[in-house]
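Colleague: My questions all concern the structure below.
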Amino acid sequence: MRKINVFDTTLRDGEQSAGVNLNFEEKLEIAKQLERLGVDVMEAGFPASSQGDFRSVQAIANTVKGSSVTGLARSVTNDIDVAWEALKNSAEPRIHVFLATSPIHMTYKLRMTPDEVVRTAVESVKYAKAKFPQVQWSAEDASRSELPFLATIIEAVIDAGATVINLPDTVGYTTPHEIGNMFRYLTENVPNIDRAILSTHNHDDLGMAVANSLAAIQNGAGQVECTMNGIGERAGNASLEEIAVALNIRKDHYQADTGLTLKEIKRSSSLVSKLTGMIVPSNKAVVGANAFAHESGIHQDGVLKNKETYEIFTPELVGVSSNRMVLGKHSGRHAFKEKIVELGFNGTEDQLQTIFKAFKDLADKKKDVTEDDLFALMTEATVGEAVAHYELEALQVNYGTNNIPTATITLNVPSEGTIQEAATGSGSVEAIYNTLERMIDGPVILEDYRIQSINGGRDALAEVFVKIQYDGVESTGRGTAHDVLEASAKAYIHAINRTINRRAYNAERMKQLNA
Ligand SMILES: [Zn+2]
C-alpha cells in the first residue's frame, strides 16, 4: 500500500477564496485543527505577500510540530529570505517556490524565454536549498506546459536540490486522462525523478479537481495538495475530505492511503466553514448535512435491514456523531472541562471560564447541549477578536405585524463606557443594524447576511454570517446565540471590531515602516 502525503493549502490557496479574510487567531486555530487531522504538510501562507501573512506563518511554524509547515515564495531571493525568517523555527523547514512553465505564462506574464525560465528556477532552488532542508518547486500552469520542456526543467531543479516537484493544474483545465498521461510521462522521462516526490494540485473550474488528483496519484504522484471543503481561488481546490475518503474506501482500487485521522474530518470541515463564512452545501460529499441521509423508502428499508445495502461508509468514519446530548444543565465544571478538552480546547483558564458561563446560559434555555453546540461556543470564545472595541450589552426589539420594528441597543465601549441608542427599520434585523450604524462612526454597507441553525430543532443555536463594508474595507463577521436577533447583532459587531483591529494593525505597521 502506497502512503500518499497530504499537503493542505486551506490557509494559503483556500484563504484566496473571494470574500474570505481570516485573522491571525483564526488561522492559528485552523492550523491546530489541521495538525490534529494529521496533514503531512500545511501551507500556512505567503510570507512575503504582507506583514500579516508573515506573522501568521511564523506563529503557525512555531506552534505546530506534528506537521511540516511551509510558505509560498516567488522565485526571487527576497521572497525566499522572508520565508526563511518566518519558517526557520518550524519542525521541518520547508519552502514552496514556484515559476510558470506554460508558453502563455512565460511569454505574456513573465516575458522570459524558456532558457531564462530554467535558469531562474535553478537559481532560486539552489538559493532556497542553502537554507531549507525541504524545497518544493512548482511549475505553475504545468497542465498547459509542453511535456518535453517540463521534463527538462524538472531534471534541472531536482539536480539543484528540489525534494518535491508539484505540477499544478492552476486554471482547472485538465482532465483525468490528460493528467494521468502527464504524470506517467514525467515518471518515465525525467532520469533523476526517483530523487523527488511528485505532487498534484488541482482546481475545480470544470468540476474535476478530485478526479484529476486521484488520476495523478494512480500515475505516480506521492503528494496531493488540497483544501478543507474544497475552498480556494475561483471554483476552489480539490477537496481534502473527498480525496482522503475515496482513497480509504477504495484502497482495493487505488492501492494507496493517507495517514490522516479521518474522524477529525467533520470537525475540521465545520471549523473552516465557520471561520471562513463559507457554508458547506447540504449535498456536499462526505461533509454535507445530507451526506448520510437516506430519503427514499426503499433505501431506508434496506439500510434498516443491513446498512451496507446503501451506505458505503459510516458517518462515524469521518467523525459525524449521532449528535447525542453530551452535557446537561447539571453538569459540573470538571465534566465540562473534560469534554471540551476532548473537543480540542487548549486555551487559557479565562477562556475556559467564559465558555463554561456560555454553556450554563445555553443549558438553561436548551434541553440537550450537543457536541456541535459546545464546539460553536468554544470557537466563539477562542477565536474572538484580540480587542473588542464594541461589546453587546443589551438588545431589545419591538416587532409586530402592524408596528414599525424598533431596536434599542446598549453597547459597552471600553474607551467610553456604555452607550445607548434606538432606531427603526422595515424589519427587526434592519432596525438592529440601523441602530448599530448610528452608534458606530460612519456608514456601513451590508453586503451579505446569512443565517443557519446548529443541528436544527426548535431550540437550536443560531449562527449568523455577515459581510460588511466599513471604512472602505470589506470584512466578515459571525455571531452565535440562542436567539436569531442577538446572533445578528453579534455578527455585525464582530465584523466592525475586525475592521477596527485591522485598521489599527495597518496603522502600527505604517508607523514601523516610516520610523
Ligand atoms: Zn492553486
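Residue positions begin at 1 at the first shown residue.
The backbone N, Cα and C atoms fix where each Cβ goes, and this holds for glycine too.
Automatic prediction, not curation, is the source of TrEMBL annotations.
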Colleague: H201, H203, N237 show up in TrEMBL as binding Mn(2+); which entry in D8, D13, D441, D448 does that record put in the same site?
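Modeller: Record source TrEMBL; matching candidate: D13.
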Colleague: With DSSP, how much of the region 'Regulatory domain' (391-515) is helix, how much strand and how much coil, in residues?
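Modeller: Counts, helix then strand then coil: 43 helix, 54 strand, 28 coil.
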Colleague: I'd like to know the mean pLDDT over the region 'Regulatory domain' (391-515).
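Modeller: The predicted confidence over the region 'Regulatory domain' (391-515), as a mean pLDDT, is 89.
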Colleague: Compile a sequence-ordered list of residues in the same chain as D13 (Mn(2+) binding site), six or more apart from it, whose Cβ lies below 8 A from its Cβ; state 'none' when nothing qualifies.
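Modeller: Same-chain residues close to D13 (Mn(2+) binding site) (Cβ under 8 Å, separated by 6 or more) are E43, H201, E225, T227, G232, E233, N237.
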Colleague: List the residues in the vicinity of the Mn(2+) site, defined as same-chain residues other than D13, H201, H203, N237 with C-beta within 8 angstroms of the site's C-beta centre.
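Modeller: Neighbours within 8 Å of the Cβ centroid, excluding D13, H201, H203, N237: T9, P168, T170, N202, A209, E225, C226, T227, G232, E233, G236, A238.
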Colleague: Taking the Cβ of H203 (Mn(2+) binding site) as centre, how many other Cβ atoms lie within 10 Å?
Modeller: 25
